[in-house]
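Okay, so here's the structure we're looking at.
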Amino acid sequence: MATVSDLALLLVAGLVAISLHMQEAGAVKFELKNQCEYTVWAAGLPGGGQQLDQGQTWPVEVPAGTKGARFWGRTGCSFDASGRGTCKTGDCNSQLSCQVSGGVPTTLAEYTLNGDGNKDFYDVSLVDGFNVPLSINPTNSQCFAPACKADVNAACPAQLKVDGGCNSACTVFQTDEYCCRGTHVDNCSPSSYSMIFKNQCPQAYSYAKDDSSSTFTCPSGTTDYSIVFCP
């Protein structure tokens with residue numbers, strides 16, 4: 001027969017299990033804020049999209065356990081009342097509310113929630129090029145807040161420059177060496193082009209294999225996040 005202490009232990013274990021399940025099934029809050037002097041049309045997969053004038057914010061709740069997700073900013077957009085239109089950079093199939101990834105060049109805030117080791121993984125990426133400065137800011141002050149604050153467009157070489165952004169070398173030249181694929185999938189080094197990005201934004205991914213200095217973690221369930229354009 002179970003004793004009172006046995007029942008108490010079972011009750012505590014049950015409450016812990018329920019709490020962990022609720023935490024995993026809950027949502028993580030992201031707040032996107034535009035501090036740029038121009039309008040940014042924020043986008044997220046998941047999330048959709050929202051026009052943000054200077055100083056405006058957009059709250060987005062993302063299910064815990066979401067993997068391979070991203071936020072980005074679009075510029076030079078024009079949409080009609082139905083939410084159809086075009087953007088100069090970051091366009092997502094001509095939709096205000098994005099259901100697909102944005103076109104290059106685009107600065108990305110990438111993340112995975114509740115990944116390996118019960119950690120959130122996040123990074124600022126210039127692998128798809130650069131269009132808007134941004135930062136990822138965990139509300140947990142013990143976790144690092146990576147940022148790309150520089151105007152990379154000002155340092156963009158002519159071969160990579162487009163209206164409103166700076167393409168990656170992979171996008172422009174489509175070689176295995178620049179794209180870290182084929183014969184270079186396991187042997188990919190920084191290029192003179194990716195080093196321009198790295199020098200401007202040391203905390204951001206500058207090419208596909210730039211993991212060691214550009215991926216950050218925070219214990220899952222301990223934080224929400226803000227994404228700031230022009231931090």
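Quick reminder: no glycine exception, Cβ is built from N, Cα and C everywhere.
The signal peptide annotation in Swiss-Prot covers 1-27.
Per Swiss-Prot, disulfide bond is recorded for Cys36-Cys230 (among others), and the stated evidence type is sequence analysis. Around Cys36 (disulfide bond), the C-beta neighbours below 8 angstroms that are at least 6 residues distant in the chain are Gln54, Val132, Pro133, Phe229, Cys230.
The disulfide bond feature in Swiss-Prot is assigned to Cys77-Cys87 (among others); the stated evidence is sequence analysis. Cys77 (disulfide bond) falls outside any helix or strand according to DSSP and counts as coil. For Cys77 (disulfide bond), the same-chain residues that are 6 or more apart in sequence and have a Cβ closer than 8 Å to its Cβ are Thr39, Trp41, Gln51, Gly85, Thr86, Cys87, Lys88, Asp91, Leu96.
According to Swiss-Prot, the feature disulfide bond maps to Cys92-Cys98 (among others). DSSP classifies Cys98 (disulfide bond) as coil under the three-state reduction.
Annotation source Swiss-Prot lists disulfide bond at Cys143-Cys218 (among others), citing sequence analysis. DSSP assigns Cys218 (disulfide bond) to a strand segment in the three-state reduction. Taking the Cβ of Cys218 (disulfide bond) as reference, residues of its chain lying under 8 Å away and at least six apart in sequence are, in sequence order, Lys119, Asp120, Tyr122, Pro138, Asn140, Gln142, Cys143.
Following the DSSP three-state reduction, the secondary structure of Cys148 (disulfide bond) is strand. Residues within less than 8 Å, Cβ to Cβ, of Cys148 (disulfide bond) and separated from it by at least 6 positions along the same chain comprise Thr107, Val124, Leu126, Phe130, Pro133, Leu134, Ser135, Gln200, Cys201, Gln203, Ala204. Here Swiss-Prot flags Cys148-Cys201 (among others) as disulfide bond.
Annotation for Cys166 (disulfide bond): same-chain Cβ neighbours under 8 Å, separated by at least 6 residues, are Pro105, Gly129, Phe130, Asn131, Val152, Asn153, Ala155, Cys156, Leu160, Phe197. The disulfide bond annotation in Swiss-Prot covers Cys156-Cys166 (among others) and rests on sequence analysis.
The annotation disulfide bond is assigned in Swiss-Prot to Cys170-Cys179 (among others). If you take the C-beta of Cys179 (disulfide bond) and look for same-chain residues 6 or more apart in sequence within under 8 angstroms, you find Cys170, Ala208.
Over all protein chains present, the Cβ of Cys188 (disulfide bond) has 19 other Cβ atoms lying within 10 Å. Feature annotation from Swiss-Prot assigns disulfide bond to Cys180-Cys188 (among others).
Across the fold, the C-alpha of Cys98 (disulfide bond) and the C-alpha of Cys188 (disulfide bond) stand 32 Å from each other.
Neighbour density for Cys92 (disulfide bond): within 10 A of its CB lie 22 other CB atoms from the protein chains shown. Sequence-distant neighbours of Cys180 (disulfide bond) (same chain, six or more apart, CB under 8 Å from its CB) are Cys170, Cys188, Tyr207, Ala208, Lys209, listed in sequence order. DSSP gives Cys179 (disulfide bond) a helix state.
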